[in-house]
């Protein structure tokens with residue numbers, strides 16, 4: 001019976017093995033787990049030895065073995081083992097990946113043309129830059145003339 005008004009969790013109490021139990025091998029781990037672990041190790045050893053001798057085709061359930069279908073909508077396994085990879089086969093890019101690559105290439109081409117001054121925007125920018133340089137040169141010349149005029153007035157005023 002529980003104490004208080006709060007219920008315990010439905011998972012029950014957990015039992016943790018002590019280091020002494022682990023060393024003695026009398027931990028609370030179920031015996032079936034040990035058997036399964038041993039079976040898995042045996043299967044791995046058998047697969048390695050069979051894999052070296054010959055490869056058996058996968059057995060398919062039901063009518064899958066009778067009819068070979070190329071279904072593009074069929075979910076393909078995403079996890080592929082390294083030994084199963086075909087290095088000669090090239091992977092096809094998805095539509096989004098192709099569009100992204102094309103977009104990057106177009107941007108690079110545009111930037112090259114921009115640097116060479118062959119696009120409309122670069123021509124406008126260069127014209128604007130030329131006008132600004134011309135205006136600055138005129139303003140500098142005007143300042144020099146005003147400065148020279150002031151100095152002339154100072155020299156004349158002293159005399």
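In case you wondered, yes, glycine gets a Cβ from its N, Cα and C as well.
Taken from TrEMBL as is:
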- 1-16: compositional bias 'Basic residues' (COMPBIAS)
- 38-56: compositional bias 'Acidic residues' (COMPBIAS)
- 81-104: compositional bias 'Basic and acidic residues' (COMPBIAS)
- 71-148: domain 'Casein kinase substrate phosphoprotein PP28' (DOMAIN)
- 1-104: region 'Disordered' (REGION)
- 135-159: region 'Disordered' (REGION)
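Across the compositional bias 'Basic and acidic residues' (81-104), the DSSP tally of helix, strand and coil residues reads 13 helix, 0 strand, 11 coil. The helix, strand and coil residue counts that DSSP assigns across the region 'Disordered' (135-159) are 24 helix, 0 strand, 1 coil.
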